[in-house]
């Protein structure tokens, strides 16, 4: 093994270990919440026939879920202090919970023991709400380069698994508590183990770096708050250029045309000084000149090493596409295997001689390849790429399926970086709101699946062009809808100040990736660090989200989907799992004695007696095993089957199983086998619920929104789910008071009604952009009249694009 391969193996091992650690740390609070719910479930079974103890178990469950109503907004506020801080606060809630209960078990609280236990339940509710609200946001794989704090923590290969592991971790916690009861482990030992888990999680999380994106965004905000002289000191100490803030050259070697907007001199606007600070600036320039001379005399740093360092690559003069909006369109294309329609994002590039398609798109559509031997070259000193295959692909308009074009495209692994590279702000343009846009998400970063070059550009354009009142954007009518291109405004300082704190963020990112600081592979990910988001109150963001009719309709449907799943009855059955089987045992009528001639032999009678499980607690344990196993299976099903089919199928099976359990609970016959049959029916309901109803609604809700609104939607729905859970666990015992059959029948009716709603109202969201989900939920806004026809721009009049994904293709026979 060579030294290089050995280092590569060590890097891959460190990366894998760090990613597994992150997935575990994100989901440990959810595991603790599962332990807390399992504890309440066992308390309901221990109540047995004691009405007072049974009421105490109900109060415990209701208190836990009611506290979630406060935990959700608190967790949203904690995110502003840091992503690691929010997780630490979540774990601290469980430290408080288990500490109070453990002290109460030792009698430390005396007469205040009941209040201490109530406070512990509230702490569990706060921690549980934060766990279910934060984990999907921290682990969810978002749109590239969106304003997400943990973008670099969970990579694309394991970010989806981290989200799906949320339900698995919760179910594991419930099962562990059931197992502890079945093994007759002492109460104090169980509480001590739960407390040790929360403390170990806090200690491990404290040693993990903060989110790289959060560090970069916070650093930029802090820099702007500093006085001008302090900013100058920071720039001087970090050896940055006073004009562009890059670390690769002094100010007198800066070739950027930008100057101070206040005085026009060659320094950054954030470093603008008044007359009394002139001497300070001159000293700083002299220091930079001296330092540069010293570097020359000592040999300096060769250009090749600059290109391999993170900061040099990050600020080497690459085009900042967040200041220029390129024309993109969302199109449809049909699979050659099964005829299914898929949504693709295309870049319209008149400056490219050929069209291109990504390898992932070719595999998704099952396109037939033809062998070619060619090379793709880009502008400047970019590396050329070898192409081996080409395909024929047909793309059609989402607005008018009759308009389509067939393209001969070359296959590349990737076409270009995400476009735009950052979220862009478009000034108010009233006409734009009434146009059927080719790419409704043009302002949000996203990957490019297809590049349509000059050979088909003329077939795409239609008559009609509109110009922004500000003169910086142009809307052009095409067969795919209206495309937008041109210069967009950007806030001063964000683009250059990022280099000030990218070193700290780069060190954190290097830890997560298992790479040494300054490694060249980190440059692209550092370039995707989000800009600092403008402060916005939670309720104003919610009002902005709901102001759009399409988002409002999607939020209502998604909220009903999530809250309805939480209230369908399975949660209450699991919450009072042992109590359910206690009721089944108590309601079972003793069988009539058999005539002597029909009496079973002693051996057969003993076998029949052994067919019944030892206790209701054992039934509850089996339910926990079934739920955990199926939640692991759900990691595969939720992506393989799709959200909508999985929800409909699992809801139908769950409702049918609950109905069968209700019938068995009221049946007078059945003998010794009635109990196992009832247990099997309830287990089937729990299995179907864990296989689809637990993860799929949350995945569907997350798919409906871009990341800007996704967190807000999840927080609001979590509030509703907490209220629904509290109501459900409060009403289930009241329904069970009329008999187990009535409670199960009510749960079956609610679940079947939920399945009918899902079949009638839910759209499929897997692999779709939010805009396409909105289109499936309702019609798009009516288009405004077209502008007078204008000729399409010619190649000679078109300004050269600074960053070209691909330039020319030279094919060889």
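Glycine is no exception: its Cβ is also placed from the backbone N, Cα and C atoms.
Curation does not apply to TrEMBL; its annotations are automatic.
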*asked:* Between the candidate ranges 577-601, 677-701, where does TrEMBL place the transmembrane segment annotation?
replied: 677-701
*Select from 713-736, 785-808 the stretch of residues annotated by TrEMBL as transmembrane segment.*
713-736
*How about the transmembrane segment (645-665) and the transmembrane segment (115-139): do they have 3 or more C-beta pairs under 8 A, pairs 6 or more apart in sequence?*
no
_Counting only residues 6 or more past its boundaries, what in the same chain has a CB within less than 8 Å of a CB in the transmembrane segment (86-109)?_
25-26, 28-29, 32-33, 36, 71, 74-75, 78-79, 115-117, 119-121, 123-124, 126-127, 130-131, 134, 138, 187-188, 191-192, 194-195, 198-199, 201-202, 205-206
